[in-house]
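Here is what TrEMBL says about this protein:
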DOMAIN    51-218  domain 'Anoctamin dimerisation'
DOMAIN    221-401  domain 'Anoctamin transmembrane'
TRANSMEM  232-259  transmembrane segment
TRANSMEM  310-330  transmembrane segment
DOMAIN    413-736  domain 'Anoctamin transmembrane'
TRANSMEM  423-444  transmembrane segment
TRANSMEM  544-566  transmembrane segment
TRANSMEM  600-619  transmembrane segment
TRANSMEM  701-722  transmembrane segment
Amino acid sequence: RWRFIEQHVKNILILSQICKRKSILYNKCSHKSCNKMQFSLMCALTFLGQESEDGKICFVKIHATWDVLITYAEVLNIKVPIKENDIPSTVENPLDCMLAPLRLPEKVMHPEPDYFTAPFSRDKQELYLINDESTFFSPSMRNRIVNYILTRCPYGTEEGKKKFGIKRLLNNGTYTAAYPLHDCQYWKKANDPNCENERYTLYMEWARFLRFYKEQPLDLIRKYYGEKIGIYFAWLGFYTEMLFLAAVVGLICFLYGLFTMDENMSSKEICDPAIGGEIIMCPLCDQDCEYWRLNTTCESSQYSHLFDNVATLFFAIFMGIWVTLFLEFWKRRQARLKYEWDLVDFEEEQQQLQLRPEYEAKCTHKKKNPVTQMEPYLPITSQAVRFCISGTTVLFWVSIFLNHHFNTYQKIPRTHMEYENRLTMKMFLFQFVNYYSSCFYVAFFKGKFVGYPGAYTYMFNRWRNEECDPAGCLIELTTQLTIVMAGKQIWGNIQEAIVPWICNWWGRRKARNNPENLYSRWEQDHDLQTFGALGLFYEYLEMVIQFGFITLFVASFPLAPLLALMNNILEIRVDSWKLTTQYRRPVAAKAHSIGVWQEILNGMAILSVVTNAFIVAFTSDMIPRLVYYYTASENEDSPMSGYINNSLSVFQISDFPDRNKPKLNPENFVICRYRDYRYPPDHEKKYLHSMQFWHILAAKLAFIIIMEHVVFIVKFFVAWMIPDVPADVKAKIKREKYLTQKILYEYEFEKLKERLCQETHNVLS
């Protein structure tokens with residue numbers, strides 16, 4: 001039967017290919033009563049062509065009939081209700097009354113009752129709760145089924161290769177767009193009383209900034225847009241909630257630095273005219289730079305204490321534990337969603353059996369599959385060539401820090417899941433280099449390999465390696481993070497909200513003068529922006545890049561989680577607003593997790609422990625100060641007195657080679673100082689590293705090892721202590737499986753009894 005249906009779709013696609021009409025293909029996924037234009041074609045799909053008001057575009061409406069829906073519901077193994085869930089709900093939280101202002105109405109939060117479900121079968125239709133055929137399958141299920149048919153239906157051959165799928169027709173211009181319809185206008189309800197107006201409800205209760213303090217209607221999002229988009233907003237909301245704790249602790253650490261700023265002995269000595277004002281520093285560049293006095297960095301040294309203090313160490317360790325709590329608690333939240341959204345038995349093996357049409361088209365060989373019998377495949381030699389070319393290309397572009405989309409031969413992914421995972425990983429690597437390279441440079445390379453006056457290090461014997469700001473590299477890293485995070489987030493929200501709105505306003509400029517009855521629903525949706533196959537990828541990417549900023553470099557900027565929290569509160573409403581009002585309705589897709597992003601987050605969580613340990617050890621002055629405190633301090637009343645003088649080495653100006661020597665020395669300075677631990681010019685080991693340098697280096701390495709081990713042990717212990725699936729969810733899953741099997745058994749038993757009774761009756765008669 002499903003081959004019969006695809007044959008009719010094939011006829012339509014062939015006809016479209018011949019006509020080459022600039023047409024719009026869309027599918028109807030709301031109630032029959034919500035759209036009165038219907039046309040039946042051989043009990044398969046409903047096709048209806050109509051031209052736009054200007055006569056330049058032809059719209060082809062596709063509606064899945066009941067016969068199509070039940071056929072492909074079985075093919076796609078869609079789970080449908082068999083009985084209302086009678087498992088008691090979780091015990092109410094005593095804090096619910098306090099959280100009441102944050103709640104949405106029950107009808108919005110839970111638009112449908114909870115049911116026991118089972119995979120659909122055409123032979124057992126009387127088992128399912130089919131009260132109304134037009135509403136039995138949700139809108140997201142309906143447009144998923146239609147899209148599945150359209151993407152796989154062949155319509156011809158070209159040079160011995162099959163041509164199939166709506167994607168190819170979109171690429172060659174036969175169609176200009178293909179999209180499901182929204183169910184109503186977002187700012188008002190539909191005239192038909194039978195229409196559920198879910199888009200309007202989402203806009204009023206979710207997609208407005210004034211609702212920023214409200215919870216998200218995740219069940220309604222899932223019902224309207226599908227599980228894949230629903231789980232993105234669930235993850236984003238959970239991430240934002242967890243940021244609240246990190247933001248509070250980070251703010252406390254920042255306030256500690258602010259309140260202790262006046263007590264910082266290092267900045268006091270730098271600002272003191274009798275100490276910092278008498279210390280002459282060596283020039284920061286060759287020949288053209290002048291000598292300068294240390295007290296000119298007074299203000300920046302005070303600001304540096306805001307972020308370079310003992311609270312920095314505490315916050316770095318705290319964030320190492322926080323990120324573990326975030327990932328582990330998200331697993332539990334995800335497990336609960338899997339149960340509530342009927343995704344417990346939805347495994348990727350189901351998608352593994354659904355080969356990508358693009359993969360099938362490029363395969364000329366077949367092999368035996370124990371599940372699907374015969375399937376297309378690429379020989380290992382072809383895979384190896386594509387893999388080598390792909391890997392070489394990625395390494396090349398990453399090595400030169402470029403950020404561009406790529407189009408290269410590769411080991412062709414078999415399934416949609418493999419394709420998305422590989423694309424996500426490659427794109428993330430490009431963006432990782434693009435966004436984090438400057439921060440890694442400032443944190444771990446700038447000022448670390450500069451040499452010393454008279455023997456500076458040069459790149460290619462031409463460019464002198466860059467030194468840090470006189471106040472240190474940490475304040476530079478903090479400034480860099482502030483600019484990148486704040487600038488990127490502000491510009492990102494402007495781009496996400498204003499650009500689609502302007503494009504839609506411009507696209508609808510002619511239609512605004514037409515009466516509403518001449519500006520049809522499909523034309524209105526056609527004039528909206530396209531969410532695109534990579535739309536959700538870029539949403540995840542934006543948040544994961546932000547996650548990197550608040551974990552990889554958080555030791556230098558405790559306010560990063562607070563900035564991220566404020567951005568995410570706005571981000572949720574911007575994303576929901578643009579998806580509900582400015583974009584065509586995306587094709588629904590199922591997903592039971594955030595996919596490969598989970599592995600990326602786990603990798604960044606581990607890397608963050610290493611980067612923060614190195615920032616505290618090598619970028620901040622914490623370890624040198626501790627070494628001085630315990631080994632070199634001579635003043636018991638003020639142990640940190642003299643630290644600044646101790647941390648600066650002496651250079652004799654007459655030792656400058658002509659390449660480095662400043663052109664001007666109006667005050668005839670004899671010596672200058674520089675940040676390092678080297679012997680003075682009158683020592684027998686002139687300008688070599690002093691013993692104190694090696695003590696500090698050993699302390700830094702020991703600190704890194706100790707901090708990493710402590711944080712990793714705590715992380716792994718916390719991860720071991722927190723189960724991935726809550727106990728009550730495990731119990732509910734087992735209970736539901738038992739009751740579902742019981743219902744199916746009783747159904748089969750009753751059917752067997754009826755058949756035996758009928759056979760007995762036939763024998764007796």
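Every residue, even glycine, has its Cβ placed from backbone N, Cα and C.
For the domain 'Anoctamin dimerisation' (51-218), the mean pLDDT of the prediction comes to 84. Counting residues 6+ beyond its ends, the transmembrane segment (600-619) has Cβ neighbours under 8 Å at 312-313, 316, 319-320, 323-324, 327, 424-425, 428, 443-444, 448, 472-474, 477, 544, 547-548, 551-556, 700-701, 703-704, 707-708, 711-712, 715 in the same chain. Taking Cβ pairs closer than 8 Å, the transmembrane segment (232-259) reaches residues 215-216, 218, 221, 305-307, 309, 311-312, 314-315, 318-319, 322, 325-326, 329-330, 333-334, 337, 536, 539-540, 543, 547, 550, 554, 558-562, 564-565, 568-569, 571-572, 575-576, 594 in its own chain, all 6 or more past its ends.
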